[in-house]
Amino acid sequence: MAKLRVAVFASGNGTNFQALVDAAQQDRLDGASLELLVCDKAHAPVVERAKKAGVDTFVFAPKEYDSREAYEREILAELQRREIELVVLAGYMRILTPVMVDAYEGRMINIHPSLLPAFPGINAIRQALDYGVKVTGVTVHYVDGGLDSGPIIAQRLVEVLDGETESTLATRIHAVEQEVLPWVVGRIAAGSVSLDGRHVTVTTL
Ligand code: GAR
């Protein structure tokens with residue numbers, strides 16, 4: 001079967017990118033292949049991770065462009081040149097414009113560290129702690145034009161313990177992210193994810 005060609009967008013540490021690399025190497029991505037890392041920060045650790053894993057990188061400096069649309073058009077051309085079929089946003093800390101969102105509608109997913117629609121946007125783990133919720137978690141969803149608002153593919157719960165700090169909670173949330181993201185990519189690669197309006201069905205074998 002033809003492999004699903006995947007690009008990952010990330011801005012920082014890249015533990016989710018690493019989880020995808022590890023899963024691909026261990027044959028846990030149902031044939032998805034990681035073709036490209038797109039990163040907006042030349043010195044982000046994720047760039048080093050990609051080089052080590054032998055994944056090509058497209059690194060750009062947003063400041064060098066006149067607009068978000070301008071750099072997105074360049075990224076899009078690169079994705080099209082490489083025939084990328086799925087875009088995975090894994091800690092990509094930039095708002096997307098319709099240039100990217102429309103081109104990859106239904107073919108772009110994001111991982112977010114809360115149970116959406118609670119706590120969208122930045123600092124979701126901090127937001128959940130400050131609010132005092134007893135459960136939070138992880139969401140993987142399709143990307144639409146809104147802020148963390150697209151159809152939900154998978155969610156996992158993480159309990160908030162007494163005396164929790166942002167750091168202890170983040171450690172457990174990240175561990176869950178690193179399980180669920182490769183699982184979702186594998187399900188998409190296997191053709192087991194279907195989208196009907198806001199409703200997503202994932203079949204497991
Ligand atoms: C992850 O926790 C991801 O859910 C979050 O950024 C972190 C990136 O970690 N994304 C967002 O908050 C998007 N709104 P990583 O670079 O180690 O994968």
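Positions of Cβ are set from backbone N, Cα and C atoms, glycine also.
When the candidates Asn16, Asn110 are compared with the (6R)-10-formyltetrahydrofolate site entry in TrEMBL, which names Arg68, Met93, Arg94, Ile95, Leu96, the shared residue is Asn110. Other C-beta atoms found within 10 angstroms of the C-beta of Ile95 ((6R)-10-formyltetrahydrofolate binding site) number 9, with every protein chain shown included. Checking Cα-Cα distances from Asp148 (site 'Raises pKa of active site His') against the recorded positions (Gly14, Arg68, Arg94, Leu96, Asn110, His112) with a 10 Å cut-off leaves Asn110, His112, in sequence order. Listed recorded positions: Arg68, Arg94, His112; maximum Cβ neighbour count within 10 Å falls on His112. Proximity to Asn16 (N(1)-(5-phospho-beta-D-ribosyl)glycinamide binding site), judged by a C-alpha distance within 10 Å, picks out none of the binding-site residues Arg68, Met93, Arg94, Ile95, Asn110. The Cβ of Gly14 (N(1)-(5-phospho-beta-D-ribosyl)glycinamide binding site) has Ala44, Pro45, Val46, Arg49, Ala50, Ala90, Gly91 as same-chain neighbours under 8 Å, each 6 or more residues away in sequence. When the binding-site residues Thr15, Asn16, Arg94, Ile95, Leu96 are checked against ligand 1, Thr15, Asn16 have a Cβ within less than 6 Å of one of its atoms.
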